[in-house]
Amino acid sequence: MKAPVRVAVTGAAGQISYSLLFRIASGDMLGKDQPIILQLLEITPAMEALKGVIMELEDGAFPLVAGIVGTDDANVAFKDANYALLVGARPRGPGMERKDLLEANAAIFSAQGKAINDNASKDIKVLVVGNPANTNALIAQRNAPDINPRQFTAMTRLDHNRGMAQLANKLGKTVNDITKMTIWGNHSSTQYPDLHHCEVDGKVAIDQVEQDWYEGTYIPEVQQRGAAIIKARGASSAASAGSAAVDHMRSWALGTADGDWVSMGIYSDGSYGIQEGLIYSFPCTCKDGDWSIVQGLEVNDFSRGKMEATEKELAEERDAVSHLLP
Ligand code: NAD
Ligand code: LMR
């Protein structure tokens, strides 16, 4: 058996965590041979609810769980952590955009960035799920100067998975037939699901759908899927978000399949002309616990316009929280 790794999860008594924690505990995220110590963070008023979640985790009798810590102190939660899933934040309600949460949630991520910087293992892998995820990840990253910016990522894997599922439905296929899906940009309604490089049965996806459907149905439905779920469920997506978080971390830690890639919100190095330092979703391959941006994809005028629109929104979000960016 390997030595246990420490996995910090914030918002551990919330909706997403209620499915996410049990998937992590069962080994879906880091593998069935990787023991874990769960370090769970909540705000003080939710500590009683967290106690209940920990009781249920214990009752799951998960062989891989080597310890569970529940705390309302970020310094304890991130102590020596190798992985952190930053889920704890307010979700949006009907009629809101995710960026409307910026004011309510931004302060959480500056404090947690500092706590990660001061306490976590220097090789920590951070995934921000709490919305607006890309800009919250930027805030956390900028508040953790001793940690490589590449180690702070934001979740667009849910959008990636949604994009594959909608395309599979349209073509009477399953997600197993689809590779090279790409989400560019922000986890918001400006995100750009790109079918120009995506393949279905090894053939380019954009050639298998009508342009009208792509522009008029597919792109807006993927962009608005979160809002559609809030309308239908009366609460934001939870189990699918938890599942996407498991997928994101598993790909990053254990690698992507040959001939395929995933979408990750990552620190832009200027690839594809995207401003350096924004947390922007790119197509990525992962190997040996590190990600690389897929290079050399052709970008036509249509795609360029969409990629720039979502980049502009991220730059505006960044400028709106400049007081939290040391
Ligand atoms: P929730 O309200 O059910 O749970 C959030 C939990 O976070 C609560 O238990 C709350 O007490 C806790 N919390 C608040 N502030 C905290 C802090 N400073 N430290 C630790 N914990 C704190 O919400 P949810 O449905 O689990 O969603 C959580 C976040 O994830 C929301 O912002 C939501 O919009 C976002 N989300 C993102 C994606 C994505 O694809 N990136 C998908 C779904 C949801
Ligand atoms: C989602 O995409 O489902 C989440 O970001 C929740 C939301 O606010 O849409």
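We count from 1, first residue shown onward.
Placed from the backbone N, Cα and C atoms, the Cβ positions cover glycine too.
TrEMBL entries are annotated by machine, without manual review.
Listed features, source TrEMBL:
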ACT_SITE  H187  active site, proton acceptor
BINDING   G11, A12, A13, G14, Q15, I16, S17, N105, Q112, V129, G130, N131  NAD(+) binding site
BINDING   R92, R98, N131, R162  substrate binding site
DOMAIN    5-150  domain 'Lactate/malate dehydrogenase N-terminal'
DOMAIN    156-321  domain 'Lactate/malate dehydrogenase C-terminal'
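Taking the C-alpha positions, the distance from Q15 (NAD(+) binding site) to R162 (substrate binding site) comes to 19 Å.
The 10 Å shell around the Cβ of G11 (NAD(+) binding site) contains 25 further Cβ atoms across the protein chains shown. Here the C-alpha separation of R92 (substrate binding site) and the residue listed as 'active site, proton acceptor' works out to 13 Å. With a 10 A radius on its CB, G130 (NAD(+) binding site) counts 27 other CB atoms from all the protein chains. For the pair H187 (active site, proton acceptor) and Q112 (NAD(+) binding site), the Cα-Cα distance reads 20 Å. Look at the domain 'Lactate/malate dehydrogenase N-terminal' (5-150): DSSP puts its residues at 65 helix, 27 strand, 54 coil.
Of the candidate binding-site residues, R98, N131, R162, the one lying closest to G11 (NAD(+) binding site) when CA atoms are compared is N131. Separation of the C-alpha atoms of R98 (substrate binding site) and S17 (NAD(+) binding site): 19 Å, rounded to the nearest whole number. R92, N131 are the binding-site residues among S17, R92, Q112, G130, N131, R162 whose C-beta comes within less than 6 Å of an atom of ligand 2, given in sequence order.
When pLDDT is averaged over the domain 'Lactate/malate dehydrogenase N-terminal' (5-150), the result is 97. Around the Cβ of N131 (substrate binding site), 27 further Cβ atoms fall within 10 Å across all displayed protein chains. Taking the recorded positions R92, R98, R162, H187 in turn, the residue surrounded by the fewest other Cβ atoms inside 10 Å of its Cβ turns out to be R92.
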